[in-house]
Amino acid sequence: EKIKICLQKQVNSSFSLHNGFGGNLYATEEKRMFELVKPKAGASVLNQSTWIGFGDSRTDKSNPNFPRSADVSVKTANKFRSLTGGSLMLSMFGPPGKVDYLYQGCGKHKVFYEGVNWSPHAAIDCYRKNWTDIKLNFQKNIYELASQSHCMSLVNALDKTIPLQATAGVAGNCNNSFLKNPALYTQKVTPPXXKCGKENLAFFTLPTQFGTYECRLHLVASCYFIYDSKEVYNKRGCDNYFQVIYDSSGKVVGGLDNRVSPYTGNSGDTPTMQCDMIQLKPGRYSVRSSPRFLLMPERSYCFDMKEKGPVTAVQSIWGKDRKSDYAVDQACLSTPGCMLIQKQKPYTGEADDHHGDQEMRELLSGLDYEARCISQSGWVNETSPFTEEYLLPPKFGRCPLAAKEESIPKIPDGLLIPTSGTDTTVTKPKSRIFGIDDLIIGLLFVAIVEAGIGGYLLGSRKESGGGVTKESAEKGFEKIGNDIQILRSSTNIAIEKLNDRISHDEQAIRDLTLEIENARSEALLGELGIIRALLVGNISIGLQESLWELASEITNRAGDLAVEISPGCWIIDNNICDQSCQNFIFKFNETAPVPTIPPLDTKIDLQSDPFYWGSSLGLAITAAISLAALVISGIAICRTK
């Protein structure tokens, strides 16, 4: 007796239909192309080999109480340049009796966890009761220059020329000593004949190199005394006070000149010292000061200005019973590109009240790892391009964009059944897939024509079923990826130009950045919708091809025992080919001809420039689908007589 045996697609109400370009799919399950990720609080780095830290006892592995005294792991401590009791500002000014450490090192990303050792608790005077405002200005300049440099170093001995009549001086309010920078020089005068002394003229040189460190820019403390009135300074009738720094061309670059600037007008009778932070290029500079007193720059921090990179500043405060300042916090928040790590609770140490805080350890634990994105909101190492909430800038790396979960396209999963057809739901997408409205002029927009996706599918369409070839879909992936790269590059240029135009308005930059991010998210979701449709169509075609491959294999196995009368259907004589024979042909010796479908291997990798500020996302698309490995599920063997 002859019977007809066919491969038949079986789809029931549990399947959902997914439309694609060139073919559709029925599937038992579906999943979002990406899940939303949540940033982890604290600090991390993009690359373990390209960062360096600057710290104090809380990162100092030579501390006798390490690791209990530390807020970082042993691995992270190895990345820090630290000394117990030290701070960048202490090394800059060198107050008597304090730790003086040579801070220097190189790294694209710099993490600063120091500053607490110069705080109100330190009670440093030297003609200034409160140094917090100077510390704020110092830290801000350090963060700014560090973000533009690969290497930085303290220069702890500048070449100088001091006038013969000046000798090193001391001050009673500075432990009967004085700062190492600036150094105090005084003139010995003999009233009444030489009651005023001579004007001071001194020179110092900022080097182009310090050891192995190149110096293209120096941070210098321009210090001078502030008198409340001329009478306070001019008790001997010696004219007005001045202390001025000049560059080699004679231009004033720092200091104070009471010959042209008014005194404070306050009622005090003791001068205070002010130190302005100035950024100077290498070269020879002169210092002129009124007789009797000279404050001479003797140190600087030098920067090579060779590479832009992230800066992370970690809140540096004492535990209970010690007074702290928040200069580090304020300096970082007012410096573009600086990410601030802050505690939510008071500092509570394990080794003592001031060392080994558990909350800070958790916030800094991310320094042991590499992240895909670091930002003020935290760090992310998942590959998803979407997060539930907008990540606060600054941010660097491949940072996810804010999106709603329901807006992320879904792709078919589980049991997949192909069906011919053309997607009718996405043939008219939005007229452009990227845009940040009319604020940005001249951006490249990708137009989507009504007939399809405007040249992305380059192959010829099959007349039967209206689908596209596998090759054309693959070319579509390549072309859409290339076009989006061009789009992102053009956007980069436009954004950078706009940033330059409105750089004076920080709020405008923040507003524009948020708008751009929202547009990027919408654009990416639109792009993913197109990619999803391409994926569905490509898989559908591939599965149908696999069906024909399966039918061909059955025909080959059957030989003369079965005659293929149409694709997927055979006539067989069961008097000649019994059940075991049929099992051999159609079930491969009782082995199911339809093994479980492997997981859909799709990857969409979003890439960006190494750093967030002024950059634009780039989109690299790979859709690696092993068509040869996909075997049709949901196929039944149907017998009819």
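Yeah, the Cβs are placed from backbone N, Cα and C, and that goes for glycine too.
Sequence annotations record features per position, and here Swiss-Prot assigns region 'Fusion domain-1' to 1-26 based on similarity to another entry.
According to Swiss-Prot, the feature topological domain 'Extracellular' maps to 1-616. The average per-residue pLDDT of the prediction over the topological domain 'Extracellular' (1-616) is 81, rounded to a whole number.
Spatially close to Asn12 (N-linked glycosylation site) yet at least six residues away along the chain is no residue at all, judged by Cβ distances under 8 angstroms. According to DSSP, Asn12 (N-linked glycosylation site) is assigned to coil rather than to any helix or strand. Feature annotation from Swiss-Prot assigns N-linked glycosylation site to Asn12 (among others); the stated evidence is sequence analysis.
In three-state terms derived from DSSP, Asn47 (N-linked glycosylation site) belongs to neither a helical nor a strand segment and is classed as coil. Long-range Cβ proximity for Asn47 (N-linked glycosylation site), meaning a same-chain Cβ under 8 A and a gap of 6 or more residues, is found for Lys108, His109, Glu370. For Asn47 (among others), the entry in Swiss-Prot reads N-linked glycosylation site, with the evidence type sequence analysis.
The Cβ neighbour count for Ser57 (active site, nucleophile), using a 10 Å radius over every protein chain in view, is 24. Look at Ser57 (active site, nucleophile): DSSP puts it in a helix. Per Swiss-Prot, active site, nucleophile is recorded for Ser57, and the stated evidence type is similarity to another entry.
Under the heading disulfide bond, Swiss-Prot lists Cys106-Cys151 (among others). Taking all protein chains in view, 21 other C-beta atoms sit within 10 angstroms of the C-beta of Cys151 (disulfide bond).
What Swiss-Prot records for Cys126-Cys174 (among others) is disulfide bond. In this structure, Cys174 (disulfide bond) is part of a helix by DSSP. Around the Cβ of Cys174 (disulfide bond), a 10 Å sphere holds 20 further Cβ atoms from the protein chains shown.
Taken from Swiss-Prot, the feature N-linked glycosylation site applies to Asn130 (among others), supported by sequence analysis. The Cβ of Asn130 (N-linked glycosylation site) lies under 8 Å from the Cβ of Pro120, each of these being in the same chain and 6 or more residues away along the sequence.
Here Swiss-Prot flags Cys196-Cys238 (among others) as disulfide bond, drawing on similarity to another entry. In sequence order, Lys195, Cys196, Gly197, Ser290, Pro291, Arg292 constitute the residues six or more apart from Cys238 (disulfide bond) in its chain with CB-CB distances below 8 Å.
Mapped onto three states, the DSSP output places Cys215 (disulfide bond) in coil. In sequence order, Ser153, Val155, Leu206, Pro207, Thr208, Gln209, Pro282, Cys302, Phe303, Asp304 are the residues of the chain that are 6 or more apart from Cys215 (disulfide bond) and have a CB within less than 8 Å of its CB. Feature annotation from Swiss-Prot assigns disulfide bond to Cys215-Cys302 (among others); the stated evidence is similarity to another entry.
Counting every protein chain shown, the number of other Cβ atoms lying within 10 Å of the Cβ of Cys275 (disulfide bond) is 24. Under the heading disulfide bond, Swiss-Prot lists Cys223-Cys275 (among others), citing similarity to another entry as support.
Annotation source Swiss-Prot lists disulfide bond at Cys332-Cys338 (among others), citing similarity to another entry. A simple way to gauge crowding: the CB of Cys338 (disulfide bond) has 25 other CB atoms within 10 angstroms, across all the protein chains here.
The annotation N-linked glycosylation site is assigned in Swiss-Prot to Asn381 (among others) on the grounds of sequence analysis. For Asn381 (N-linked glycosylation site), the number of other Cβ atoms no farther than 10 Å from its own Cβ, over all displayed protein chains, is 16.
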Query = Do you know offhand how many angstrom separate Cys332 (disulfide bond) and Cys126 (disulfide bond) by C-alpha?
reply = 26
Query = For the disulfide-bonded residues Cys126, Cys302, Cys332, which Cβ has the most other Cβ atoms within 10 Å, all shown protein chains included?
reply = Cys302
Residue from Cys106, Cys151, Cys223, Asn381 whose C-alpha is spatially nearest that of Cys126 (disulfide bond), among the recorded positions = Cys223
Note = Filtered by Cβ under 8 Å and at least 6 apart in sequence, the residues in the chain of Cys106 (disulfide bond) near it are Ile52, His150, Cys151, Met152
Ask   = What's the CA-CA gap between Cys174 (disulfide bond) and Cys223 (disulfide bond) in angstrom, rounded?
value = 15
Request  = Please name the residue among the disulfide-bonded residues Cys196, Cys223 whose C-beta has the most neighbouring C-beta atoms within 10 angstroms.
outcome  = Cys223
